[in-house]
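> One structure coming up, written as structure tokens, with questions to follow.
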């Protein structure tokens, strides 16, 4: 069907220059790390005649790595106003300017003998990722039919995982990971940007944005016809008009207004808990441990990069699987299952690490834990977390909600990246205890407080949260939850 093709092509055009860049830019920086540090030292030596102290090189490298989440935080903050003023599609297109600037800076950094250009380049790359991580799920969820909304919005996670794997592949020594090619590797992120700039203009803007934010009914119907074909649009249009009537006279909200609004209390708590847990659950730290564990398992050092690609592939496989089942299984079971399994694997992983040198087969168990942890993360938390802000907030609150989500995501990424080496130093083999606590607490929150949003219209979801925010006299099962947990803890 032509319409299904148009929806699929819209998803691909948004994804390739959107969340794909987030995953791709996280992984391409790993391969040339030693070469860039050597370049910093050489450049400084040429400038001053004295080499850099190893601690200073490490500090400069930390600044380079930290520039990415700092840019991401900036991107998350500007994404809200961009989505409101420019629209979802135009924001994604304009966002490519940041990557083009970044690619030019890193591509010419060696020629210009300036490592500062690499730092600046990573900042702009982060801004691009911050904007796309917020706007892409919003754009896709608003463009998708209700029965496919979860699967379509979840493609954002699949593109992140695809970017991660392709970044690992392109970073191999045989491709662009060699000493001579690192400027080209860092500048290769311009290719997805150019693909998006060529493809996305051919596809429609979010119909919801056109009708509810712009009040342009004709453009909305035209966009719906492109996305859905000649099938009867009256039911979907009626639902959108009802949502437009519900927010009539309102303007797009600012993030601080969400905190002041009692009718959004539970929605806000839910996205704060889940967005924080996504980075504080320790999935990214598994990649930190991967090379060490694989080495202990007896894999030759020159073969480790190929095995690490397997870890990225795990996330890709599970996010694609999650795409297929989210609209059948629902959001809650995937989140709950993901965090429960991660908590279990965290315990096994810590036991395996502590016995690594005592028992000969323990490194293989550690290796299995890494893959299992990443699989558990990919099946639920990785994708569902990005879908929820679109579903639980109305059109006027959604951009502000994504600003809060994105800011938390990037701040926590920075926090974990900074704190994890110290956690490892202090807790050694038991460094996953903080992550275990996060996984258990999040699983409890999801199990007790998060309603299911599968197959419901945005208005139905809003109504369900309204009942929770303003407790009615009829006590629902939701309010029995805290009583039950009290009795189990006694």
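In case you wondered, yes, glycine gets a Cβ from its N, Cα and C as well.
Grabbed the feature section from TrEMBL, which reads as follows:
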DOMAIN    11-454  domain 'Major facilitator superfamily (MFS) profile'
TRANSMEM  56-80  transmembrane segment
TRANSMEM  92-112  transmembrane segment
TRANSMEM  118-139  transmembrane segment
TRANSMEM  151-170  transmembrane segment
TRANSMEM  182-203  transmembrane segment
TRANSMEM  334-353  transmembrane segment
TRANSMEM  365-388  transmembrane segment
TRANSMEM  400-424  transmembrane segment
TRANSMEM  430-450  transmembrane segment
> Could you pull out which residues elsewhere in the chain have a CB under 8 Å from any CB of the transmembrane segment (56-80), counting only those six or more residues past its ends?
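Result: 25-26, 29, 33, 36-37, 40-41, 91, 98, 115, 118-120, 122-135, 255, 399-400, 402-403, 405-407, 409-411, 413-414, 417-418.
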> So, does the transmembrane segment (334-353) come close enough to the transmembrane segment (365-388) to give 3+ Cβ pairs below 8 Å, pairs being at least 6 apart in sequence?
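In contact, yes.
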> Answer yes if the transmembrane segment (334-353) and the transmembrane segment (151-170) have at least three CB pairs under 8 Å among residue pairs 6 or more apart in sequence, and no otherwise.
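No, these stretches are not in contact.
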